[in-house]
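Structure record follows, encoded as structure tokens.
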Amino acid sequence: MLRQALRRFSQKLVRRPTLKEPVAENDPQRSLSTLNLVALGVGSTVGIGVYVLVGEVAASQAGPSIVICFLAAGLSSILAALCYAEITAWVPHSGSAYLYSHVTIGELWAFITGWNFILSYVAGTAIVIQAGTLAFDILLGNQNSHTLHESITQQVPRVLVEHPNFFVVSLVYFLIELQTLRFSQSFMVTKVITLVKLLVLGFVIISGFIKGDLHNWKLTEKDFLKAGLNDTSTLGHMGSGGFVPFGFKGILRGAAACFYAFIGFDNIVTKVEEARNPQRSIPMSIVISLFICFFLYFGVSVALTLMVPYYQFQRGSTLPEAFLHIGWDPAYYVVAFGFLCSLLANVSGFMVPIRQMIYRMAQDDFLFPALARVQTGTCTPLMANVIFGIIAPIMAFFFGLTDLLDLSSIGILLTHSLVAICVLICRYQPERRNWGNEAEMQEENGPAAERLTLQGLLFPCSPNPTPLSGWVVRVCSSLLALLLTLLCLVLAQWPVLLSGDPVWISVVVVLLVLIIGITVVIWKQPQSSSPLPCKVTALPLLPLLSIFVNVYLMMQMAGGTWAQFSVWMLIGFAVYLAYGIQYSLFT
């Protein structure tokens, strides 16, 4: 009796939906070209992150080595982008990682994906509010920009100078109302705003190479003394100088924070059913937009750390302030204008995906039906707007910028890892005409009809995927995800490993042997021969590398971030177990 109850419960956790046929490629609604999608990807990704991250990370975590942090974060994002490029070919429907995990590994992981997506984008909006506060704080001369204080504050209301937070929150509510009234967001506007942001950041990069000083990458204690920091005993929070003032640990911690700057490129997959020739344009636009963003971030971080010594950055320093340091006051206003454009674009960029996710999960009955209620005449989710407009400002007021960066990054890193697992599973599954319950039933009965042997694991008889080989890959992928997580936990203690502790080294060796062995088993299984316009190379190594990099970056988060994340997940599991698992659309 108990065994049957557990079996029914476990089957509910892996239920998968049946998808409708995708929109025909000659459908008139397919109007987006590759250029449109690249503009969407770059516009969604390049935002306020680059304006606030460089100063925040360089000041206390990485110094000039922030360029390496962006390199590591970019590597993680590029690996994830390749996985997204392939999964959109397997599941040619407009959606997100929520949809891909739902049809591939079941509803429990779909709920976890969607729940983390909501956390990441709400935290992202809170970051936008805090960044907007910093921007207005500087422009209005409240704390940081004493140079501009006298000239600006005389022309603005005193309440805005003393409480810029309330002004920025009001701006967020105004933008929500604009979208509720369905003001059109044409791709022409998106492309214009994206072009402005690219021009401003291009100006920053060129300025850095003109006014930069390579000595700022080789600072010593003498430079601290010369700058008036005479008490060298208190320089611990400024590092030891040089290119890597905070050591390898600072690079890892900074890379985890810099990952926030790459959030947003996956918005492209929400336009699969609106794109012309999506199997070609979607993968191309994902990869192209991400490479553009990486080179922009890398160039800006190089330029800024060359223009300004890292110890002169303060918590909350923003990109425009660098131009006050080098004496280019007019350029300050140019870059501040780009900052404000990015601010407005980011608020809109976060609002649309989060409303769509809440609405989609409520339609699937993972969340309460009231959240799917739409406003008459506008077709916008009413309750989703209300929740979004309440939680984001609360988080902005009560969480620090670093905490919000980590919370936003941790959810997306987990989501990207799940997408990599989905790619790994899809490539080794039998041919299927549709994703859904019928195929799931065949797979459940398949392994019982075949005989699992050790020889069959390493030398499968069939050259094509079978239900048994697909089941083997599913099990092995789950084991690998667990083992890679354990390995990252151990490697996070790298100072202990470097000390030569035999116990820790033995644990690493055992984990590596298990990982290599299970990877070989997956590699030996037959792959699908379906022709796809974009395939991840070096399977299964590249998706596994993506999972490893993502999880290792997650391990760099502070303990407080994990505590906050755990509370969010506990709330989510309570909602799912109390409501979602019973009333899911696919019950």
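Even glycines carry a Cβ here, placed using N, Cα and C.
Since we're looking at a predicted model, the values are computed, not measured.
Here's what TrEMBL has on this protein:
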type	residues	note
DOMAIN	538-584	domain 'Cationic amino acid transporter C-terminal'
TRANSMEM	35-53	transmembrane segment
TRANSMEM	65-87	transmembrane segment
TRANSMEM	108-136	transmembrane segment
TRANSMEM	246-265	transmembrane segment
TRANSMEM	286-311	transmembrane segment
TRANSMEM	331-352	transmembrane segment
TRANSMEM	382-401	transmembrane segment
TRANSMEM	407-426	transmembrane segment
TRANSMEM	479-497	transmembrane segment
TRANSMEM	503-524	transmembrane segment
TRANSMEM	536-555	transmembrane segment
TRANSMEM	567-586	transmembrane segment
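Within its own chain, the transmembrane segment (503-524) is flanked in space by residues 424, 428, 457-460, 472-473, 476-477, 479-480, 483-484, 486-487, 490-491, 493, 496-497, 539-541, 544, which lie at least six positions past its ends and keep a Cβ under 8 Å from the stretch. Pairs of Cβ atoms less than 8 Å apart link the transmembrane segment (407-426) most often to 536-555, out of 35-53, 65-87, 246-265, 286-311, 536-555. Here the domain 'Cationic amino acid transporter C-terminal' (538-584) has, by DSSP, the following mix of helix, strand and coil residues: 39 helix, 0 strand, 8 coil. At the 8 Å Cβ cutoff, the transmembrane segment (35-53) and the transmembrane segment (286-311) share at least 3 close pairs (sequence separation 6 or more) and count as touching. Each of 65-87, 108-136, 246-265, 567-586 was scored by its Cβ pairs under 8 Å to the transmembrane segment (536-555), and the highest score goes to 65-87. Taking every recorded stretch in 65-87, 108-136, 246-265, 567-586 and counting its Cβ pairs under 8 Å to the transmembrane segment (286-311), the highest total belongs to 65-87.
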